There are 4 protein chains.
Amino acid sequence: MDELILGGHTFTSRLFTGTGKFGSRSWIPKMLEASGSQMITVALRRVDSGGRNENILSFIPENVVLLPNTSGARTAEEAVRIARIAREAGCGKFIKVEVITDMRYLMPDNWETLRATEILAAEGFVVLPYVLPDLVLAKRLEEVGAAAVMPLGAPIGTNRGLDTRELIAMLIENCTVPVVVDAGIGKPSHAAEAMELGADAVLVNTAIATAEDPAMMGRAFSMAVEAGRLARIARMAGTSVEARPSSPLTGFLD
Amino acid sequence: MDELILGGHTFTSRLFTGTGKFGSRSWIPKMLEASGSQMITVALRRVDSGGRNENILSFIPENVVLLPNTSGARTAEEAVRIARIAREAGCGKFIKVEVITDMRYLMPDNWETLRATEILAAEGFVVLPYVLPDLVLAKRLEEVGAAAVMPLGAPIGTNRGLDTRELIAMLIENCTVPVVVDAGIGKPSHAAEAMELGADAVLVNTAIATAEDPAMMGRAFSMAVEAGRLARIARMAGTSVEARPSSPLTGFLD
Amino acid sequence: MDELILGGHTFTSRLFTGTGKFGSRSWIPKMLEASGSQMITVALRRVDSGGRNENILSFIPENVVLLPNTSGARTAEEAVRIARIAREAGCGKFIKVEVITDMRYLMPDNWETLRATEILAAEGFVVLPYVLPDLVLAKRLEEVGAAAVMPLGAPIGTNRGLDTRELIAMLIENCTVPVVVDAGIGKPSHAAEAMELGADAVLVNTAIATAEDPAMMGRAFSMAVEAGRLARIARMAGTSVEARPSSPLTGFLD
Amino acid sequence: MDELILGGHTFTSRLFTGTGKFGSRSWIPKMLEASGSQMITVALRRVDSGGRNENILSFIPENVVLLPNTSGARTAEEAVRIARIAREAGCGKFIKVEVITDMRYLMPDNWETLRATEILAAEGFVVLPYVLPDLVLAKRLEEVGAAAVMPLGAPIGTNRGLDTRELIAMLIENCTVPVVVDAGIGKPSHAAEAMELGADAVLVNTAIATAEDPAMMGRAFSMAVEAGRLARIARMAGTSVEARPSSPLTGFLD
C-alpha cells in the first residue's frame with residue numbers, strides 16, 4: 001500500500017490498533033503480527049515503569065510505533081502532564097491527546113483538547129488529538145500544530161460504525177493534515193467505508209480486542225483497510241437510481 | 001480462506017466476477033489474476049461460437065469456472081433454451097438464471113426464474129438463480145434444486161450497496177443452500193458488509209469493470225470479501241448505545 | 001386532504017388502521033375517532049357471526065369501511081374461501097388478501113397472493129393484496145385486477161419502518177393502481193416518509209394498538225400521513241451536499 | 001399540544017420558522033398563518049430600520065415572537081454587537097447566536113458561540129445558540145445561561161435531515177434546557193423524527209421557503225411536528241427483528 005508519513009515516520013499499514021480490553025495480553029503480539037499494524041496506542045497508566053507488574057510494553061515488538069494516550073485526563077493541563085511523563089518514560093514523541101469528562105458517552109472535550117494540542121506541539125510532540133468531528137475545530141488544530149486529527153465515528157467501544165459520517169467527510173475534504181478515524185469502528189466494513197470516504201488511516205481497538213479470535217480479527221481489519229484504500233486509488237464509479245445492464249439485454253433468441 | 005463448495009466444485013475465493021462493461025477486454029485476465037476470483041459470469045450472447053470476433057472466452061484462464069448467464073431471457077422457456085445452448089457450446093454445467101422484463105430497473109422476474117430453475121436443475125445443471133430477495137421464493141428455489149440463491153442488493157449497475165439488507169438477512173438465516181449477493185455492490189465496504197451478514201459469496205461486475213483501474217479494484221474487492229468472511233469467523237462483538245472505555249478512566253494523576 | 005378513490009369509495013383520510021393487538025377493544029372506536037381513519041382491517045376469525053362473544057364489528061362505527069383480511073390463509077384457495085365467507089357475513093366487497101406460510105417473519109407468499117387476487121377480482125371483490133414489494137409481481141397484480149397493492153415496509157409488528165424503501169419507490173413510480181404501505185410502520189415519521197415518497201396511503205396497526213394511548217397515537221399517525229401528503233403536493237425542494245445560506249452572510253458590521 | 005416555555009414565553013407550537021429564501025416576502029404571513037408558528041428568526045441585516053426599503057418586520061404579525069439572529073457574525077464580539085443592535089431596534093430579548101466562518105458548509109464556530117452566549121446571557125438576553133451537536137459544549141452552554149441549545153441536523157439549506165442523529169440524541173438525554181433542532185430538516189418526516197427522538201422544537205426555514213407552496217408546506221411541517229410530539233407522549237412501543245402478528249395466524253379453516 002502507498003505510504004503514510006506521520007511525525008517523520010513512514011507507515012505502510014494504515015490500521016492503527018490499541019492495547020485495551022484484550023482477554024489476555026498475550027494476544028497483543030499475535031494481533032500485531034496478523035494485522036501488520038505499525039502503530040499501537042497505550043494508556044500511560046498501563047505502562048508500569050516501577051516494574052512490579054509485567055509491563056505492557058513488553059508485549060509490543062520494537063518495530064511497532066507506540067502511541068501513548070492521555071486517557072484519564074480531564075483537563076488540558078492533565079493531558080500535558082501525562083504526555084510529558086510518557087516522554088520521560090521513553091515512550092517516544094507521539095501522543096494521542098484524549099481529554100474526557102463525560103463518563104456516559106466518553107465524548108471528548110474538544111476545547112481542552114485544542115489547548116493541550118497547542119502546548120504539546122510547541123514542545124515538539126507529534127500530537128494526534130481525539131475529537132468530535134468539528135470542522136472549525138479541526139482547522140484550528142491544524143493551525144496550532146496537530147500532526148493529524150482523529151475524529152470519532154461513534155462513542156468509544158460501541159461498534160456502531162460511522163454515525164458521524166457526514167461530519168468526518170467535511171474534515172477529510174478540508175484538512176491538510178491526515179484524518180484518522182478513531183472510535184466506533186466495529187466491523188471491517190466500517191473500516192473500509194472510512195477509507196473509501198478518504199480517511200488516511202483508522203484506529204481500531206475494541207472490535208479487535210473483544211473478538212473471539214483477536215488475531216484473525218486484526219487480519220480482517222487490515223484487509224478491509226487496504227481494500228478501502230485501494231478502491232479509492234483505483235477510482236470508484238458513482239451510484240445511480242436506475243439500473244445499468246452488465247450484460248446485453250436485447251432478446252437473446254430474437 | 002475456508003472453502004465454498006458449489007456444484008461439486010471447491011472455491012477458495014468467495015468473490016465472483018463478471019465480464020460486462022470493461023473498457024477493454026484485456027482487463028479481464030488482469031482483473032482475474034489480481035482478484036483471485038475463481039468464477040466469472042458471461043452472457044452467452046458474448047460467446048461468439050462462430051469465431052468471426054475474438055471470443056470472450058479466450059480472455060478467461062482455464063482454471064476459472066465459467067458461469068454463463070441467461071441475460072436477454074424474458075421467460076422461463078427462453079432461459080432454458082439459452083442454458084442448453086451454453087452447455088452445448090462447452091460452457092459447462094453452471095448456469096446463472098436471469099429472467100428480466102422490466103427494462104428500467106432490470107428487476108428479475110422471480111416466478112419465471114423459479115420455473116426455469118426447476119427445469120434446469122432436473123436436467124443436471126448447477127443452477128444459480130438471480131432473484132429479488134423473497135424468503136418464500138428462496139425456500140421454493142431450494143426445493144426445486146437450486147444450487148444457491150443470488151439475491152440482489154440493489155438494481156444492476158447502480159453501485160448503491162445493500163438496499164435490501166434486511167430481506168437478504170432473512171435468506172441467510174433460513175436457506176440451506178449458499179446465498180450469493182449479486183448486483184448493487186458498488187464498493188468494497190458493501191462486499192464486506194454482505195459477508196459480515198453471513199453471505200457465502202458475492203458477485204461484483206460493474207464496480208470492478210468501470211473503475212479506472214479494474215485490476216486494482218478487483219484486488220480491493222477480494223480483500224474486502226475475505227475481511228468480511230474472516231470477521232464472521234472470528235466472531236464480532238455486538239454494538240451498544242453507551243460508550244465502553246478501552247483505556248482506564250480513573251484520573252491518571254489522582 | 002385530497003381524495004383517494006378505491007373500489008368506488010371516496011376516502012378523505014389516507015390512514016388505514018387495524019383491529020389487532022389492542023389491550024382493550026374499547027380503544028378501537030376512540031382510536032377511529034381520534035385518527036379519522038375511514039378504513040379498518042379485521043381478521044375474519046375475529047368476526048364472531050355466531051354471537052356468543054361480543055362481535056368485534058360492534059366496535060366499528062358504520063361510516064368506517066371494513067377491510068376484512070384473509071389472515072390464517074396458507075394458500076390461494078384458503079384465501080378465496082375466507083374472502084367468500086366474509087362477503088356472505090356482510091363484511092362488504094373489500095378484501096385484503098394475505099397468504100402467509102413463513103411463521104418467523106410472516107413474509108407474504110407473493111405467488112399464492114397473485115393467484116387469489118385473480119380469482120377474487122374476477123368475482124367482483126375490491127382486492128388489496130399484501131405483498132413483498134416486487135415490481136414485476138405488482139404489475140401482474142394490476143393486470144389481474146387488484147384495486148391497489150400493499151407492499152410491506154418491514155415484517156409485521158416490527159415497527160422498523162421502511163426497510164424496503166427502494167423497492168417501494170419502484171412500485172410507486174410504476175404502478176397505475178394506488179400503493180398502500182402496510183406493515184413495519186412504527187412511528188409517525190415512517191408514515192410521513194412513505195407519503196413523501198409518493199405512497200397513496202398507509203396501513204398502521206401494531207404501532208397504534210400497542211401504544212400506551214392508542215387514541216393519541218392514532219391522531220399522531222393521521223397528522224403525519226397528512227403532513228407527508230401535503231409536502232408532496234406542495235413540492236419539496238431537493239437536497240444538497242454543500243450548505244446554502246438562509247440569511248445574508250456578508251459581514252454584518254462591514 | 002403541550003406547552004413549551006422559553007424565555008418566560010409560552011409556545012403552543014413547537015415549529016419555529018425563518019424569513020430567508022422566500023420567493024416573495026408576501027408568503028411569510030401566509031406561511032405563519034397556515035403553520036401556526038409562533039416564533040420566527042430574522043437576520044438583523046434584513047431589518048431595515050432606516051425605512052428606505054419595506055421592512056421585513058412589517059410582514060410578521062404582532063403575536064409571533066421575533067428571534068433575531070446574528071447571521072454575518074464571524075466572532076463572539078460581532079455576535080454580541082449585532083445582538084445589542086437588535087435589542088435597541090426593538091426586536092425584543094430573544095437572540096439566536098450564530099457565528100460562522102466556514103463559508104462552504106456554514107458550520108458554526110462552537111467556541112465563539114459559547115463566548116457570545118455567556119456575554120449575552122449575562123446581559124439579560126434569552127440566548128438560543130446554534131451549534132454543532134457537541135455534548136460537552138452543550139453542557140457548558142447551559143452553565144453560562146443559554147435558554148436552549150440549537151444543534152444542527154445537517155448543514156444549513158441541505159435538506160438532508162438528521163445526519164447528526166446520534167449526537168443530537170445525546171444532547172436530548174443530557175441537557176436540562178430545551179433542545180431545538182435547527183438546520184438540515186428538509187421534509188416533514190425529518191421534523192417528526194426529531195420530535196420522536198425527544199427534541200423540544202425544530203426550526204425549519206429553507207424547506208418551507210423554497211417549496212412551491214410555502215404556506216401548504218408550513219402547514220405540513222406543523223402537522224409533522226405535532227405528530228412526532230404526540231407520538232412521544234403517547235409512548236411508542238419498541239422495534240423487533242422477528243415479526244409479531246396483528247391477526248390470528250392459526251389456520252382459519254382448521
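Here the Cβ of each residue, glycine as well, is placed from N, Cα and C on the backbone.
Among the candidates D:GLY157, D:GLY198, D:GLY218, D:GLY228, the residue that TrEMBL annotates alongside D:ALA183, D:GLY184, D:ASN205, D:THR206 as binding 1-deoxy-D-xylulose 5-phosphate is D:GLY157. Reduced to three states, the DSSP call for D:ALA183 (1-deoxy-D-xylulose 5-phosphate binding site) is coil.
A strand conformation is recorded for D:LYS96 (active site, schiff-base intermediate with DXP) in the three-state DSSP classification. According to DSSP, D:ASN205 (1-deoxy-D-xylulose 5-phosphate binding site) is assigned to coil rather than to any helix or strand. The binding-site residues examined here are D:GLY157, D:GLY184; by Cβ neighbour count within 10 Å, the least packed of them is D:GLY157. Within 10 Å of the C-beta of D:LYS96 (active site, schiff-base intermediate with DXP) we count 29 further C-beta atoms, all protein chains included. For D:ALA183 (1-deoxy-D-xylulose 5-phosphate binding site), the number of other Cβ atoms no farther than 10 Å from its own Cβ, over all displayed protein chains, is 28. Straight-line distance linking the Cα atoms of D:THR206 (1-deoxy-D-xylulose 5-phosphate binding site) and D:LYS96 (active site, schiff-base intermediate with DXP), rounded to a whole number, equals 17 Å. Distance noted between the C-alpha atoms of D:LYS96 (active site, schiff-base intermediate with DXP) and D:ALA183 (1-deoxy-D-xylulose 5-phosphate binding site) is 13 Å.
D:ASN205 (1-deoxy-D-xylulose 5-phosphate binding site): 23 other CB atoms within 10 A of its CB, across all protein chains. Residues listed for 1-deoxy-D-xylulose 5-phosphate, D:GLY157, D:ALA183, D:GLY184, D:ASN205, D:THR206, cover a largest CA to CA span of 9 Å. The subset of recorded positions D:LYS96, D:GLY184, D:ASN205, D:THR206 lying near chain C, with Cβ atoms under 8 Å apart, consists of D:ASN205, D:THR206.
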